[in-house]
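*Asks:* According to TrEMBL, the protein carries these features:
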- GLY110, VAL111, VAL112, GLY113, ASP114, THR134, SER135, LYS147, LYS156, THR174, LEU175, GLY176, THR177: NAD(+) binding site (BINDING)
- GLU189, HIS253, HIS270: Zn(2+) binding site (BINDING)
- 72-184: domain '3-dehydroquinate synthase N-terminal' (DOMAIN)
- 186-329: domain '3-dehydroquinate synthase C-terminal' (DOMAIN)
Amino acid sequence: MIDTPSSVSVPLKRGRDYAIRYTSLRDLPGILHDVGLRTGKCVVVTDENVGAQYRSPVRTALSSAGWIPHVITVPPGEKSKSADQLQVLYDDILEWGIDRDTPVIALGGGVVGDLAGYAAATLLRGVPVVQCPTSLIAHVDSALGGKTGINHATGKNLIGAFHQPNVVVADLDTLGTLPQREWTSGMAEVIKHAVIADADLFSFIEEHLVDVMTGRRRDLIHKMIPRAAKVKAEIVAEDEKESGRRAILNFGHTFAHAIESVAGYGTFTHGEAVAIGMRAALFLSAQRNTQAIPRENIDYVLRAIPQQHDPSELDWQDVRRAMQSDKKNKGDVVRFVLLDRLGQAYVTGDISDAALRQAWDFATRP
Ligand code: NAD
């Protein structure tokens, strides 16, 4: 059975632990106080969609508690993770005036979290950052773990820094306004966390598949998300800078990055591409370990993520070439994350071309 925690801890070395606090955004000032941030100026970065819903209540809550918030709203979408948008933030924030104790509060999805997090990592050689995730991906993935950054013309996330948040303030009710396609894309990452590290969470999702995927039932979501976040928190705690175990979070991502790149970024959402990639990785895992992997159950759950485009229309040779140039490869070896069994994953580079082709055919059929 899965319970509903009010907080999940992210234990890090050298006393830099932080918590994910499940509460209302109205409680933000109290939590800032709890983690030792001194009342004064603060910067809130959000995007237009999220800002339209939550900028006002957050500003009011902060002002009422004695903070002086400066709210900056960026355009929504991946294009805001750019050097140009970062420069806009630098100019605005430095002109307004901050000191090294001024927190940057990232209120939004992964784009805002990565952009504002990187601004916080670099301004004055690092100011505190507080992540307030509002998309499902941000709740279970991007707001946790300290990776921040922007894109470069030659690829995604190529410029960045590790900068851990002081605290993550997670108001699950913000998910009520998230568009359905963003929701189901985020579910791909939730399912990924279950499959690589939490078999009980997988059973929970399987049991309530329609109610979480389509119905977005509040009681179920409030159990599922902290549990999925805990998987990421535990893996990050073991391997903060991705030198070892953290790589298993890339389950499904070797195929996914290739799909996104070949189809053109934005055609498939990241989560849709990851769902296809996980089906391919599942096929390869089951081929090696037939008895241990409940392939039909996992595949049934992965196929519940709706696809807006038909991946079988992509050319396999293009996808294969794109996998070869993935930035997570070590030298020429393409690395894949596979399952030993449900809830346990490992990294390998040892897969034949013929097996990859079979996996692709499996993953791209409806
Ligand atoms: P996003 O921030 O673009 O959000 C998706 C869309 O949903 C946007 O249009 C946004 O305005 C909207 N939105 C978000 N919350 C909303 C809400 N509550 N109500 C209404 N609309 C809302 O993208 P995302 O899917 O959250 O995250 C993807 C980004 O995260 C990518 O740039 C990816 O590289 C990054 N990422 C980073 C990490 C990391 O470890 N740092 C991990 C995974 C993904």
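Here the Cβ of each residue, glycine as well, is placed from N, Cα and C on the backbone.
Remember, TrEMBL labels are computer predictions, not curated facts.
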*Asks:* Fewest other Cβ atoms within 10 Å: which of the binding-site residues LYS156, HIS253, HIS270 wins that one? Let me know.
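*Replies:* Output over binding-site residues LYS156, HIS253, HIS270: least Cβ neighbours within 10 Å is LYS156.
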*Asks:* What Cα-Cα separation, expressed in whole Å, is found between LYS156 (NAD(+) binding site) and HIS253 (Zn(2+) binding site)?
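*Replies:* It is 13 Å, counting Cα to Cα.
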*Asks:* In angstrom units, rounded to an integer, how far apart are the Cα atoms of ASP114 (NAD(+) binding site) and HIS270 (Zn(2+) binding site)?
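*Replies:* Just about 15 Å between their Cα atoms.
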*Asks:* Most Cβ neighbours within 10 Å: which of the binding-site residues SER135, THR177 is it?
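*Replies:* When each Cβ's neighbours within 10 Å are tallied, SER135 leads.
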*Asks:* Please go through the binding-site residues GLY110, GLU189, HIS253 one by one and keep those whose C-beta falls under 6 A from any atom of ligand 1; give the result in sequence order.
*Replies:* GLY110
*Asks:* If you average per-residue pLDDT over the domain '3-dehydroquinate synthase C-terminal' (186-329), what number do you get?
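*Replies:* Mean pLDDT across the domain '3-dehydroquinate synthase C-terminal' (186-329) comes out at 94.
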*Asks:* Which residues in the same chain, at least 6 apart in sequence, have a Cβ under 8 Å from the Cβ of LEU175 (NAD(+) binding site)?
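*Replies:* Once residues fewer than 6 apart are set aside, LEU175 (NAD(+) binding site) is near THR134, SER135, LEU136, HIS139, TRP183, ARG216, ILE221.
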*Asks:* For HIS253 (Zn(2+) binding site) and GLY110 (NAD(+) binding site), what Cα-Cα distance in Å is obtained after rounding to a whole number?
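*Replies:* That separation, Cα to Cα, works out to 17 Å.
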*Asks:* Tell me which of the binding-site residues GLY110, VAL112, ASP114, GLU189 sits in the most Cβ-dense spot, judged by other Cβ atoms within 10 Å.
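*Replies:* Going through GLY110, VAL112, ASP114, GLU189 one by one, the largest Cβ count within 10 Å is at VAL112.
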